[in-house]
Amino acid sequence: MAQYKRILLKLSGESLMGGKQYGIDEVRLNEYAAQIKEIAEMGVQIGIVIGGGNIFRGLSGASKGFDRVKGDQMGMLATVINSLALSSALVAQGVNAKVLTAIRMEPIGEFYNKWRAIELLEQGNVVIMSGGTGNPFFTTDTGSSLRGIEIEADVMLKGTRVDGIYTADPEKDPTATKFSDITYDEIYTRGLKVMDLTATTMCKENNLPIIVFDMDTNGNLKKVMSGENIGTLVHN
């Protein structure tokens with residue numbers, strides 16, 4: 001039995017690269033689709049937001065002389081490409097999936113609104129919400145917080161390449177220890193970088209818990225949904 005009825009799954013664009021330096025690794029993409037299919041079959045309503053960092057990141061573009069607004073718009077389009085790829089992989093595995101876009105671009109995807117997203121979820125579709133918030137200067141973490149709150153998700157699952165939140169970066173500090181759970185206030189006081197401050201504050205103020213977990217290990221998404229204690233739970 002699933003622990004949550006409706007979730008918002010946040011995936012990074014970089015994670016779609018798999019072992020590549022750029023773009024989309026089809027093996028990784030299909031592994032993610034298979035994991036999502038597993039929990040869809042449990043009856044979970046699944047909203048998804050994917051970043052675009054495997055294709056273009058607005059902030060890094062700005063540091064190289066791009067206009068920040070144009071750079072962020074390029075990043076938003078990158079999230080649409082990733083969303084279409086994941087949608088296609090899900091449909092190929094027999095899962096109904098719809099892409100909604102924060103900026104009008106029919107027929108690529110329907111224009112996002114909360115009520116349509118919830119309607120599609122309740123009809124059994126995986127709903128992939130692309131284009132960030134539709135505005136520059138907001139990260140896809142903030143976009144996923146916003147969408148999670150709007151669709152009234154029970155939890156946001158942040159799929160990453162590490163298995164939770166640590167006292168320090170475990171890839172740099174071998175003495176770093178993992179939290180099984182942590183409060184939003186403690187994240188602030190410790191200065192931990194789970195998401196950017198805007199995204200974290202939105203989740204805290206709207207009482208949306210986050211579970212940070214390793215999405216790159218097959219089967220982990222189902223384990224989280226089954227209530228197994230993997231990853232780190234962030235809560236008020």
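Quick reminder: no glycine exception, Cβ is built from N, Cα and C everywhere.
D72 is the residue from D67, D72, D163 that Swiss-Prot records in the UMP site together with G52, T133, G134, N135, P136, F137, F138, T139, T140. F137 (UMP binding site) sits 15 Å from G53 (ATP binding site), taking the C-alpha atoms as the reference points. A distance of 14 Å separates the Cα atom of G52 (UMP binding site) from that of T160 (ATP binding site). With a 10 A radius on its CB, T139 (UMP binding site) counts 20 other CB atoms from all the protein chains.
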